[in-house]
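Look at Swiss-Prot and you will find 287-348, 1073-1114, 1134-1153 tagged as region 'Disordered'. The feature compositional bias 'Polar residues' is assigned by Swiss-Prot to 287-300, 313-325, 1137-1153. Annotation comment: Swiss-Prot describes 357-367, 664-667, 720-728 as region 'Interaction with target DNA'. What Swiss-Prot lists as dCTP binding site is R362, 427-431, 521-527, N533, D581, and the listing cites similarity to another entry. What Swiss-Prot records for 423-664 is domain 'UmuC'. According to Swiss-Prot, the feature Mg(2+) binding site maps to D427, D581, an assignment based on sequence analysis. Summarising the annotation, Swiss-Prot assigns Mg(2+) 1 binding site to D427, D581, E582 and lists sequence analysis as the type of evidence. What Swiss-Prot records for K781, T794 is site 'Interaction with target DNA', and it gives similarity to another entry as the kind of evidence. Annotation source Swiss-Prot lists compositional bias 'Basic residues' at 1073-1085. Summarising the annotation, Swiss-Prot assigns motif 'Nuclear localization signal' to 1079-1085. Annotated region 'Protein interaction domain' per Swiss-Prot: 1156-1255, in sequence order.
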Amino acid sequence: MRRGGWRKRAGEGDGWGGWGGYMSAKVKKLEDQFRSDSAIQHQRDGNSSSIFSGVAIYVNGFTDPSADELRRLMMLHGGQYHVYYSRSKTTHIIATNLPNAKIKELKGEKVVRPEWIVESIKAGRLLSHIPYQLYTKQSSVQKGLSFNSICKPEDAMPGPSNIAKDLNRVNHIKQCEMESEITPNGISSWNEEEEEDSDGLGFTKLDQILPERKQNGIQSHKDSTAIFNGHTHNTCISALKTQDCLVPSSNSVASRFSPGPVQEEGKPEKGIVDFRDCTMQQLQQSNKNTDFSWNPHRTMSNSSSSSSLHSNTKINGAHHSTVQGPSSTKSTSVPTPSKAASLSVSKPSDCSFISDFYSRSRLHHISTWKCELTEFVNSLQRKNSGVFPGREKLKKWKAGRSALKTDTGNVSVASSAKPQSCIMHVDMDCFFVSVAIRNRPDLKGKPVAVTSNRGAGKAPLRPGANPQLEWQYYQNKLLNGKAEIRIPDKLDSLVWEHSDSAHMNGVDCDLTVLSMAEIASCSYEARQAGIKNGMFFGQAKKLCPNLQAVSYDFNAYKEVAQTVYEILASYTHNIEAVSCDEALVDITEILTETRLTPDELANAIRDEIKAQTKCTASVGMGSNILLARMATRKAKPDGQYHLKPEEVDDFIRGQLVTNLPGVGRSMESKLASLGIRTCGDLQCASMSKLQKEFGPKTGQMLYRFCRGLDDRPVRTEKERKSVSAEINYGIRFTQPKEAEAFLLSLSEEIQRRLEAAGMKGKRLTLKIMVRKAGAPVEPAKYGGHGICDNIARTVTLDHATDSAKVIGKETLNMFHTMKLNISDMRGVGIQVQQLVPISKTTSAQSAVQSGRLPGGSHSVIDLLHVQKAKKCSEEEHKEVFVAAMDLEISSDSRTCTVLPSRGTHLTAGLNSNVSKTDSAVKLNGLHSPISVKSRLNLSIEVPSASQLDKSVLEALPPDLREQVEQIYTIQQGETYGDSKREPINGCNTALLSQPVGTVLLQVPELQEPNANMGINVIALPAFSQVDPEVFAALPAELQAELKDAYDQRQKQPEQQPANAFVSKNPCLQLKHATTKNKKKIRKKNPVSPVKKIQSPLKNKLLGSPAKNMPAASGSPQKLIDGFLKQEGAAAQLEAVPSTSDASDPSALQTEQCGSFRPQAPNLAGAVEFNDVKTLLKEWITTISDPMEEDILQVVKYCTDLIEEKDLEKLDLVVKYMKRLMQSSVESVWNMAFDFILDNVQVVLQQTYGSTLKVI
């Protein structure tokens, strides 16, 4: 059919208006849609501009930002976005790469990079597109004419262009200067007239361009030029160019702009990490007569009268006391350069430096208090007597009130109903400030901040410091994401040195900067003035001149925190210590027992906290942790809010996504690009879309959290993963010896912390912060680290240690390999990981190191003989199966099965002196690298408790000992009356399946030692199987004995042929199953072995003769396959001929037994499919509104089926639920099914790479 034929046949009256009418209508529809979306976008963002008025773009190919983001930007700033290219209407083509054919086709068109749009928005006006052209005819050696473009006054938009008129770009970008002088460092100067013409529009009105960028309200600087270390330079610093530095900062970005504040001191309250809280407003000052200034260190008070030093005096002389008015009796000061030499400051080389630093570090105190409070809660739970004084008071109060209401016949129905699960979130209001002013009535109701500086907020500019360039570096780093910004080395001598000049362009400058002492906490009155936690004190003083500063009082903070937790502990011990001023409490049990409402309980707790501490607390309550935390936001300050289940949907829809845990700046930006700003918007996105954008786990988390679903429990105990000590404040070394001495001192600090935690560590990490090449020698913050590179080295020790000598030695070795410039070191840290409790290793290690092993033996051979004498004479050998499975298939990557000997009877008894908390990884001196903490699955079959030697059990390493004790605990619940499960030869016939890659390890019975040899050499394992950690822990004489034994065995001739190795050689041996056998087994057994064991349908067929034929081959893989075929077949095994040889395969088959059978997947106890169907039908038909706990239980049952590879039953269950739930009249059941199905599909996708087809 020729082109256009169908159109002619359609006729002119079809509504399209002739040829091309369809596309014209489509394009018009897209334009109308763009205009309508623009209006919606303007209402949502709250601002707009006309920067791109008259500009119509067409995006060709992949761009960064994406086409959707560029479309959104054009909506906001007055441009047009064309889905289809039009030569007559499209003004600019946006692309990052084009093929040669496209280049020729678009010859003469304006093809520019997407940076043109982004940087035009940053500049606040339409920039010239020429520097951003994707391709140009100008050769690389051809020079261009540097004419300055002329901008009309009406082109300038309110925004950064009125402050820094234009910024030089690396690629010779020529922009409008508007008579402003471009300084060498790229920051434009401006005069008083220009600012008056702009009607005072500066950084304070940047929110007109980006509405969500909250500003602190500082007026722009007037009548000054930017100080470049006090003097001018002739070289433009391209690595730290500033055209991106003047972008309006959001609240989150602004709170993190600091050119390297101290990590331990420079964070806001409750330990929130804010390393770069240097906002753009800190580049300005409201007074036009004040020169551009920064504060790289603490300031000195103008008052000359000084008082005694406060207990919180900071190291390096950064915190001194002077009298400063009635509201601040102490002040932080930093000496001027002329006085610095005369002041005694603490140095890292001083022996008391580390202790002084941590004694005055706020964040160190906060983290330490959290550990102490967590241990306090744990100790209460261990010593729980069941008596709660607070709860008893509530009962009495409730009884009295009920008696009064009974007289009037007005009993509360809500209090008599059984409450559902309820979590309470207790958060103190402005904790540091509240504690500081509780005895200061003169400060109540006034703007107050807790900080180390109480002066005027200014300090002298130190030589060598360059705050502007540090600010530019952090600004660019945040704006460009993780992109590394290169700082040329050659700038060292040109830019960073020679800061003695106090002139710039011939103008004298006041070398004072704003104080960079950070505010740890501020009152709500101060927050109303724009001050926030983490802001620099100098900037805060500009915002609020009446701001009153108070000093730290760590003893008072600790006292109040302990009081708060004691109050909570008087009601319940189900407490999770979040911080010194924050806690999560499970109050379900309290509400059930006292019959109070959540509001009544919260009110009682808040009143008691206020009465005892004189500080207020806010309380949020909800059915889970997420809702409780969100309710607290609404309750603050000094209030309480109970988010009821029926209010959750309406409440959470209006919440910003930034209020959800785990959503930071990066994720917020990505969600915004998808048009998602609130939880209501997020609910419209499917789980598949979220998982595609953010990954399976994060996508599922967002999907659940935006609906108010959170199954995280209140955790009272948290396993400690590491112990560390890091310092990045005041670190300055001049000689290698100083650094080495400091590392040794830090190792001693690590030892103290390990001993306090009762831990030993096996993995050491050394972290060093080194000044970045080209960065200022002196950072903007006094004593801070500045712009640095982070270097780390890690080593794994042979055995866990808490010795400062061992840690120091290994640390020095790693330090020497780094080959660093000592003078550039700015931070040092040591971290210890792979922790093991000291109490769990002391008994075994002390016995080994002293040469006295359990049972009074003095060597490994004696230990083995002692064990043999204590066991039954029928015991002939042990076998250990270590099965390794690919880690990519499952996290349960290894399975270790220890089979008991012949004649060992399994019982359910467990000796009372066996501790549940112990763990181990060794067996009779044989080391296994498998650790419970690495989440490996260990299944161990052990002898009965009556046959167990206590001394041997105590000598076992912690991980293996814990596994043995866990199996004994499981055996307590098992019964052995069933004849089908009667032990054979003292062994239970159940055996876990052995996965691919099985290795057979024989531990034969020890022969009597040969008198001529003096030691049984054959009983030793192969030298390659000896664990270095075990060997290193032996005493010196025992090591020598073992070395002699190995040397002696090497001299003995081989007496056994290779083919008789299995049956006659009693030495330890490893046999690997062949790939051929694996393939055959897989073909014969398409059903998973695990499912074969655990399926309840298969349990009835265990006695079938067809399934109990003995294995005819002696190979390990066939032997294991034979075990799987003979579960419970006692009669068949009796008919199998066996030899007297202990290593004969048929004889071994009678001993392959297990005492542990994992529980089959069940739904509330229902295992069979018919039972599950009945339970599901009853659940769906009798309940109109399903509970979250029930839905999660169904999800767990389905995921258990996936783990058991019972996909057939899973398919039936899902389809049955779909029929029932979709036939229900209640729409909530449809939502419940979608939620269940989404979770099941996620697990299936992760496990099998595919999903379930539900029709």
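Glycine residues also receive a Cβ, built from the backbone N, Cα and C atoms like all the rest.
Shown here: features listed in Swiss-Prot, placed on the structure.
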residue: R362; record: dCTP binding site; DSSP class: helix
residue: D427; record: Mg(2+) binding site; DSSP class: strand
residue: S521; record: dCTP binding site; DSSP class: strand
residue: E582; record: Mg(2+) 1 binding site; DSSP class: strand
residue: K781; record: site 'Interaction with target DNA'; DSSP class: coil
residue: T794; record: site 'Interaction with target DNA'; DSSP class: strand
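Neighbour counts of Cβ atoms within 10 Å were taken for the recorded positions S521, S523, T794; the minimum is at T794. Within the same chain, residues at least six positions away from D427 (Mg(2+) binding site) with a Cβ under 8 Å of its Cβ are D581, E582, A617, S618, V619, G620, T632, K636.
There are 20 other CB atoms within 10 A of the CB of E525 (dCTP binding site), with all protein chains counted.
Of R362, M428, C430, R527, all annotated as binding-site residues, the residue with the shortest Cα distance to K781 (site 'Interaction with target DNA') is R362. Fewest other C-beta atoms within 10 angstroms, among the binding-site residues D581, E582, are seen around E582. Residues 262-264, 348, 354, 357, 746, 749-750, 753-754, 757, 759, 761, 767, 769, 784-785, 826-833, 835 of the same chain, all 6+ positions outside the region 'Interaction with target DNA' (720-728), place their C-beta atoms under 8 angstroms from a C-beta of that stretch. Of the listed binding-site residues, namely M428, C430, the sparsest CB environment within 10 A is found at M428.
Figure note: comparing Cβ neighbours within 10 Å for the binding-site residues R362, R527, the maximum is reached by R362. In this structure, the CA atom of R527 (dCTP binding site) is 44 Å away from the CA atom of T794 (site 'Interaction with target DNA'). Across the region 'Interaction with target DNA' (720-728), the model assigns an average pLDDT of 89. A gap of 48 Å separates the Cα atoms of E525 (dCTP binding site) and T794 (site 'Interaction with target DNA'). In terms of DSSP helix, strand and coil, the region 'Interaction with target DNA' (720-728) has 0 helix, 6 strand, 3 coil. Secondary structure counts, DSSP: the region 'Protein interaction domain' (1156-1255) has 69 helix, 2 strand, 29 coil.
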